[in-house]
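Trainee: Quick one: the structure is below, and I'll ask about it shortly.
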Amino acid sequence: MEKDALRRTNSDPGRLAASLAPVPPVDFADATDFRRLYHYSGSTPKVSAPVRATIAQTLATIYDPFISAVLSLDDASFEEMDVAARVEHLLQASYFTDELTPLAPKIETKETTLTHAFLSLLKSFVGTGILFLPQGFQRGGVIFAPILLTAIAIVTVFAMLRLLACRARIGGSYSHIGSVVLGPVGHRLVQTSLVLMQFGFCCSYIIFVAQNLRDVSVYFETPISLTSLILLQTLVYIPLSWIRYMRYFTLSNLVADVFVLYAIVYIMYTNGRMLAANGIAEPLEGFNTSDYSIFLGTAVFVFEGIGLIIPTQAALAPNLQPQFPSLLAKTIAGCVVFFSLFASVNYAAIGNAVQPMILSSLPRTPQTMAVQAGYAFAQTLAYPLFLFPALQIVEDVLGFQRRSSGLKAQKMLCGRSWFSPRSPSRTLVKRIWTFSCRLWAPFAARHWANKALDYGTIGIGLFIFFFVTWTNVVQWYLGSA
C-alpha cells in the first residue's frame with residue numbers, strides 16, 4: 001500500500017469503532033427499524049463517563065487561562081491557539097496508528113502531592129500581610145485582635161470550602177463558576193473581583209518595596225524618594241509582565257521563599273531576644289476603642305491566598321483532591337496560631353512605638369538592611385505572579401490579542417498613576433480586600449440551611465466592605481483637615 005493512500009482519521013474513537021462494526025440485516029418490518037439502523041450505522045454514541053471526566057479534568061487543569069498561568073501548566077505548542085482550537089485539537093486524536101501515522105504531541109500535566117500543596121498554601125498566606133500584624137495588634141488590642149483574627153479565619157475557611165464545593169459540583173475556574181450560577185452578570189462580577197483583588201495586592205507590593213528600599217537608602221546616606229523608587233520599579237515590572245509562563249520563575253521563587261523565611265526568623269529572633277532581656281516595653285491594651293477598625297481590614301488582608309485555592313487543588317492528583325479541604329483548614333488554623341504569636345511577641349517587645357511595617361521598627365543595623373532588601377526583592381519576584389491573572393482578564397474583556405506586549409506596558413504605566421506614594425500603607429492594606437470579600441460562592445447553595453449560612457457570609461462581607469470603606473473615608477478626611 002502506498003503512503004499517499006494512508007489518510008489519518010480525525011474522528012471520535014467510539015464513532016470509528018461503531019462504523020467498523022458489522023451492521024445486522026434489517027427488514028424494515030417495524031417502524032422502529034429505521035431508527036435502529038440509524039443507531040447502528042450513522043449515529044455518534046454517547047461519550048462514556050471516564051472519557052468525559054478525563055476531558056473535563058484536562059480542560060480544568062490545562063486550558064483554563066487563569067489556572068494555567070499561575071501553575072505553569074501551559075504547553076508551548078498551544079500558545080497561539082484560542083480555547084476552541086485547543087479543545088478541537090484535543091478531541092481530534094487518531095484511534096488507529098502505525099509506523100507511518102504521525103504522532104500527536106504528548107501533553108503532560110503536572111500533578112503535585114499534598115506536601116507541594118501545603119507549601120503552596122504557605123506561600124499564598126504568608127506574604128506581606130504578616131508584617132502589618134504587630135501594629136494591627138496594637139491598634140486592635142492584644143485580647144480583641146486574636147479573637148477577631150480567629151473569627152475572620154473561620155469565615156475565610158467557610159468561604160473557601162464553599163468555593164471548593166462549587167468547583168466539585170460545577171467545575172472550571174472562578175469566572176466559570178460565577179457564569180453557571182449567576183449567568184453573564186456573575187461571570188463579570190467574579191472577574192471584576194479578581195481584577196480588583198490582584199491589582200490591590202500589586203499596589204501594596206509596590207508601596208511595600210518602595211518603603212523598604214527607601215529605608216535602606218537612608219541608612220546608607222543616599223536617600224531616594226518614594227516616587228523615584230516607584231518609577232524605578234516600573235522599569236523592572238514591565239519586562240517581568242511580558243513573561244507568559246510562570247515556570248520560568250521557579251528558581252527565582254525559591255530564592256524569594258528563602259528570603260521571606262530568613263526575614264521572619266530574623267524578626268522573631270531579634271524582638272524575642274529584646275523581650276526576654278527587657279520585658280514588656282509598656283502596658284498592653286486589651287481593646288483599643290479608637291483604632292480597632294484598622295485591624296479589621298488588616299485581618300482580612302492577611303488571608304490573601306484565596307486566588308490560588310482552585311489552581312492548587314486542580315494541580316493535585318485526582319485521588320488526592322478530596323483531601324485538600326482538610327489540608328486547607330489545618331493550614332489556616334496553623335497560620336492563625338503563628339500569626340497571633342508573631343504579632344504578640346513583636347508588639348510586646350516594641351510597644352506602642354511599633355511601625356505599620358514591623359521591619360521599620362527593627363534596630364538600624366546592616367543585618368536589618370539586608371533583611372529589608374531581601375524581602376523587597378522577594379516581593380518584586382512575586383509581583384508578576386499576582387499581576388498576570390488581572391492582566392489576562394482585562395485583555396479578554398477588551399478583546400486584545402493574547403501576546404500584546406505593548407498593551408501590557410501601557411497598563412503598567414497607567415497603573416502607577418492611580419495611587420499616591422504618600423498614602424499610608426496600612427490604610428491601603430485595609431482597602432484591598434473590602435472590594436472582594438467572599439461574596440460569590442454562597443449563591444450556589446440549594447438547601448435552605450446552606451442558603452442561610454451562605455447569605456450570612458455575604459452579609460459579613462458586605463458589612464466589612466462598607467464599614468472599613470467608611471472608616472477609611474473618615475480618616476482620610478480628618479488627616480487632610
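Note that Cβ sites are derived from N, Cα and C of the backbone, with glycine treated the same way.
Copied straight from TrEMBL:
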- 111-411: domain 'Amino acid transporter transmembrane' (DOMAIN)
- 117-137: transmembrane segment (TRANSMEM)
- 143-165: transmembrane segment (TRANSMEM)
- 194-211: transmembrane segment (TRANSMEM)
- 223-242: transmembrane segment (TRANSMEM)
- 254-272: transmembrane segment (TRANSMEM)
- 292-315: transmembrane segment (TRANSMEM)
- 327-350: transmembrane segment (TRANSMEM)
- 370-394: transmembrane segment (TRANSMEM)
- 455-478: transmembrane segment (TRANSMEM)
Trainee: Compare 117-137, 292-315, 327-350, 370-394, 455-478 by their Cβ pairs under 8 Å to the transmembrane segment (194-211) and return the stretch that comes out on top.
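Mentor: The stretch I would name here is 370-394.
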Trainee: Looking at the stretches 143-165, 292-315, 455-478, which one shares the most CB pairs under 8 Å with the transmembrane segment (327-350)?
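Mentor: The stretch I would name here is 143-165.
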Trainee: For the transmembrane segment (117-137) and the transmembrane segment (455-478), does the number of C-beta pairs under 8 Å, pairs 6 or more apart in sequence, reach 3 or more?
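Mentor: By the criterion, they do not touch.
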Trainee: Counting only residues 6 or more past its boundaries, what in the same chain has a CB within less than 8 Å of a CB in the transmembrane segment (143-165)?
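Mentor: Distant contacts of the transmembrane segment (143-165): 136-137, 177, 286-288, 292, 295-296, 299-300, 302-303, 306, 309-310, 313, 324-325, 328-329, 332-333, 335-336, 339-340, 343-344, 438, 441-442, 444-445, 453-454, 457, 460.
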